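Student: Pasting a structure below so you can have a look.
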Amino acid sequence: MYSIQRKCPQALRFVHKKSSKRLKDHFLDSFNRDAIQQSFYSSNSGKVIKPIKKLMVANRGEIAIRVFRACTELDIRTVAIYSEQDDGQVHRIKADESYLIGKGLPPVQAYLSIPEIIKIAKDNDVEAIHPGYGLLSESGEFAKACFENGIRFVGPSPDVMFRMGNKTEARKAAIEAGLKVIPGTANPISEVADAKKFAQEHGLPIIFKAAHGGGGRGMRVVRSMEELEENFQRATSEAKSAFGNGDVFIERFLEKPRHIEVQIMGDKYNNVVHLYERDCSVQRRHQKVIEIAPAPSLPVEIRDRITSDAVRLAQHVGYQNAGTVEFLLDSSGQNFFIEVNARLQVEHTVTEEITGVDLVQTQIRVAEGHSLKDLNLEQKDIKVHGSALQCRMTTEDPAKNFQPDNGRIEVYRSGEGMGIRIDSANAFTGAVITPYYDSLLVKIIAHAKDHPSACSKMIRALKEFRIRGIKTNIPYLLNVLQNKQFLEGSVDTSFIDQNPDLFNFKPSQNRAQKLLNYLADVVVNGPLTELGTNLKPAEIVPTVPEVTNKVTTGWRDVYLRDGAKAFAKAIRDHTNSTNQLMLMDTTFRDAHQSLLATRVRTFDMKQIAPFVSNHFANLYSLECWGGATFDVSLRFLHECPWERLRELRKLIPNVPFQMLLRGANAVGYTNYPDNVVNEFCKLAVQNGMDVFRVFDSLNYVPNLVVGMDAVNNAGGIVEAAISYTGDVSDPTRTKYNLDYYVDVADQLVKAGAHVLSVKDMAGLLKPKATHMLIDAIRQRHPDVPIHLHTHDTAGTGVANYMAAAQAGCDIVDVAVDSMSGMTSQPSMGAVVASLQNTDRHTHIDLNSVFKYSSYWEQARLLYAPFECTTTMKSGNADVYMNEIPGGQYTNLQFQAFSLGLGTQFEEIKRAYTEANQLLGDIIKVTPSSKIVGDLAQFMVQNKLSSEDLVNKAEDLSFPTSVVEYMQGLIGQPPGGFPEPLRSKILKGKKRYDARPGSDLAPLDFEQVKKDLIEKYGEIVTDCDVMSHVMFPKVLEEFLDFKLKYGPVDKLNTRVFFVGPKIAEDLDIPIEKGKTLRVKLLAVGDLKNGEREVFFELNGQLRSLLVKDKSVQKDLKAQPKAVKGRKGSIGAPMPGTVIDVKCKEGDMVNKGDTLVVLSAMKMETVVKSPVSGKIVKLAVQNGQKLEGDDLLVEIDV
């Protein structure tokens, strides 16, 4: 045999190709296997160098591309293989040739098919195969198959692969070579009983390790006997999935060691060198996260000992090509051999950076027959230059326990610059990340003069990355890199476990991509805020008037300096001494509530706010908050009302802000515990609110007092409101006469009112009645400021204000001219002009009013879809008959026309009058006005007269609001409830004769916040908590919307409602000094229920896939788990169901295993978080799931 090799190496190749299996086995099983293989490249004259002309990479992704690049530099033709699932992967097109493999096989198994890989290689004249890392890279069988088929294997010889690729055999070799090892099993085990026996003999903790692979797959630590069997099953299953062999072995688990590995390189002539060590101690789930070379703070003597051990072992086994010898280093400095990775490592890059050696090219040259000396790689020539570290960027969400993520990369922008290297494969905009393979996306390598400098470069590079569409572990990597212990280089394998603060993440804002998602959704599916009519917002940018007056002070300064009581006194003293009639501007709230369905956005208020601050600094107040605007801004405008308050306060620091507070109901529509109202008012004051108009829809003083006390406790200005109805000038209407209103005023002043307000919600005042009412209150309370609010529905508003001024009123409510009239407030300009040159002049500049009005006249056109004038063309004095409040009048008319009942609006108004009388002639302010409206519509829909309703009451199903009113849940009406109608409606239901919320237990705000944070993360603020208390579902929908679509409040109003036009340039200022430039380019055709929408963002192309909801009804989808429902268990990550451990009807205990999922070769056990009965099993084995897809429903 040796004579054949000496005389003619080609003869050996012939024998290799043509001889029998028995003869080939003889070659491979011979003791001189290494010599035989080496001789293949030798001749009598010395080495024979056989250049490789065509090389295949039997791998995928980043490592395949890394090898292809090395080959291209060496002028070697490249061949790729790819699975069906990898059809779109970059490595397929990076190679000169590429071939499909494993058709019909599962994704990983496709790359483990040795016969098919060999066949493709032989069919296409491949001379060498590089195995990469993972998959078959440590398979002796694969190396043997290559050898048998005349294909060079770029790696160790088959016998070394067999020996070093098997962890137990490698341990034996290490012991033979004199290396210290950790106690463990001598051979792989396949039975759990063997594992239990080892644990009983050697004690815990122990660790299972895959016998035929690494990378953290098939590794499980066992710390208690109870978890041994489960972890054994998971380890063997993962090993089988990842490496095609489920064998595992056991070692004692060493606590808190450093993980140090040595890069070695051997040639075919028994020359071995090391290229120094790497520190791989930063690990999670036994997978390396960050690798450093050389190991920081490693004493020279330990470095020399470890590298010497690695070379000695390699020489002992006749190691050829690249490999890594791995050690654990305990706290005493003793190193223990753990394994050899007989392949190129993921982290080989950091060694390349510090040594300047291209390891992949060296592998290929060695496979061609070159010696290390030929390659100038003798030990004396290998030096360390600086420090390098590598971060593995993965598609995992660290905020969700590193749940693997998959999907389409919508945005990809990498970090670059001096000292940064990026090795990637599938990282680009439009790439689709599948759940079938490892989650590695990009390897980032930083190189600098020392470890801290390299960390600085890495931090900078990671911060430059922009990846959208999928989650990555960048936040986690940044936390590690900025940790003091890591920067000092003193970390061990317990580093992550001992630093829980590494998992405190600052959520990525991702504002640009979220806004593009919103715009794309609107473009494809239409407005996400339902428009009231078919009218569209005008294509107009309102002109903002120039600020010519620079006024920095106002009445708010008095309040801030002297307090609420002094403020009220100063107002009264001022009006008393100057006779000025002061104004409150409602344009920012009640005006648009009445005219534009409360839909005006903060965006348009902010534009005009500086003008108001400077030109109307002498306003008594500006009404901008509270009432219906609170929930509407969340529900329909998708903006936070608290943020509106803060933003406006920054722009208008000098004018007092006023809000509408519904007494014991705060800004909600139900009863709350008293501590809720107290906390709400405190929070409102903290965020910039000053004056609180506290009212109750029934003038029920106990409810009013709750709100007044809350405002007082918060330090706010208490403006207690008397809700007006009836006609004090009509002597026949005795229920609500002057005595009634003066009595209520007396009670409110006694309860601590700083200001008295008359709230004429329906606009029922007439000039004579106005004078009588204001005069009566003024006579009774000469030192208390009086504030009058009305609506101009009948067109008598200005006349009423003239009468109020004559009677001694201090303040009246107005709206700027273009937002006044009809169901809004009287015109600011009309009141100012009417009082010019009189003793009650307003001291408001009329020219400023005109400019202010011009802005809103233009801005109002943006809200055409909600315009009341679509149906209401003028005011109507019939309000004196039906007594419908202004805002409700608009809404009722709008609803009637929307439902095609426009011709019945007169009937609804008549029914409203009848309903009011049936309920006892009550004061009609939100929410009592809604109760009357609900009953009126109920009567019209069911064609009921008043007599019919009373007679049939016991058999009718009344609106819930009517039933709750009759129960007393909004308070006690003046004169009591109407009988026998109340008893007929209630049918025995509970009655409340005291203040409804008086017996409610205090709310636990901390628990509410805890629950919200559990669901939405740390983005939850105290303001969000309060909004949730007021409107739970509305707030949650708002937060969901915000997380999905981002800061839509930054969009201009037309674009917000209906989206951009094709080729329209949009400037979106997202914060000071940051403006997004967006252009809609095109909308693609429908494909698989989706449309691709193309944008240009800051000059770069972006595209998004949007589900077309018009066709979604035809597509079936897996139900989602219900957030917040404890028994609704969802998939913690996208993946495939590989084991179902339960069935419907089973009783499970908390902690029982329900389902086992696999994603990216990592298995996750889903355990029950609760005890109960499984009422629904929504998955089956083999089913593919998305994150949060429903697994099981448990009845708890």
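From the backbone N, Cα and C atoms, a Cβ is placed for every residue, glycine too.
Please treat TrEMBL annotations as automatic predictions, because they have not gone through curation.
As annotated in TrEMBL:
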| type | residues | note |
| --- | --- | --- |
| DOMAIN | 51-501 | domain 'Biotin carboxylation' |
| BINDING | K167, E251, H286 | ATP binding site |
| DOMAIN | 171-368 | domain 'ATP-grasp' |
| ACT_SITE | R343 | active site |
| DOMAIN | 581-850 | domain 'Pyruvate carboxyltransferase' |
| BINDING | D590, K759, H789, H791 | Mn(2+) binding site |
| BINDING | R662, T926 | substrate binding site |
| MOD_RES | K759 | N6-carboxylysine |
| DOMAIN | 1126-1195 | domain 'Lipoyl-binding' |
| MOD_RES | K1161 | N6-biotinyllysine |
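Quick one: where do these features end up spatially?
Tutor: The average pLDDT the prediction assigns to the domain 'Biotin carboxylation' (51-501) is 91.
Cβ neighbour count for R343 (active site) (all protein chains, 10 Å cutoff from its Cβ): 31.
Within 10 Å of the Cβ of H791 (Mn(2+) binding site) there are 32 other Cβ atoms, across all protein chains.
Note on R662 (substrate binding site): other Cβ atoms within 10 Å of its Cβ, all shown chains, come to 25.
In the structure as shown, the Cβ atom of K759 (Mn(2+) binding site) sits within 10 Å of 24 other Cβ atoms.
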Student: Drop a 10 Å sphere on every Cβ of the binding-site residues E251, D590 and tell me which sphere holds the fewest other Cβ atoms.
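Tutor: E251, out of the binding-site residues E251, D590, has the fewest neighbouring Cβ atoms within 10 Å.
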Student: May I ask for the distance between H286 (ATP binding site) and R343 (active site), taken between their Cα atoms and rounded to an integer number of Å?
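Tutor: One finds 19 Å between the Cα atoms of these residues.
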Student: Taking the Cβ of each of the binding-site residues and counting other Cβ atoms inside 10 Å, which one has the highest number: K167, H286?
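Tutor: Going through K167, H286 one by one, the largest Cβ count within 10 Å is at K167.
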Student: Between the binding-site residues D590, R662, K759, H789, T926, which lies closest to K167 (ATP binding site), Cα to Cα?
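Tutor: Checked the binding-site residues D590, R662, K759, H789, T926; minimum Cα distance to K167 (ATP binding site) goes to R662.
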Student: Between R343 (active site) and R662 (substrate binding site), what C-alpha distance do you get in Å?
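Tutor: That comes out at 73 Å between the alpha carbons.
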Student: If I restrict to non-local contacts, at least six residues apart, and a C-beta distance under 8 angstroms, what lies near H789 (Mn(2+) binding site) in its own chain?
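Tutor: When sequence neighbours closer than 6 are ignored, H789 (Mn(2+) binding site) has M584, D590, R693, A721, S757, V758, K759, D760, M761, V812, D813, Q825 within Cβ distance under 8 Å.
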Student: Test of understanding: give the count of other CB atoms lying within 10 angstroms of the CB of T926 (substrate binding site).
Tutor: 20
Student: Could you check which of the binding-site residues (E251, R662, T926) sits closest to H791 (Mn(2+) binding site), going Cα to Cα?
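Tutor: Of the binding-site residues E251, R662, T926, T926 has its Cα closest to that of H791 (Mn(2+) binding site).
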Student: What span in Å does the ATP site cover, taken as the longest CA to CA distance among K167, E251, H286?
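Tutor: Roughly 16 Å, rounded to the nearest whole number.
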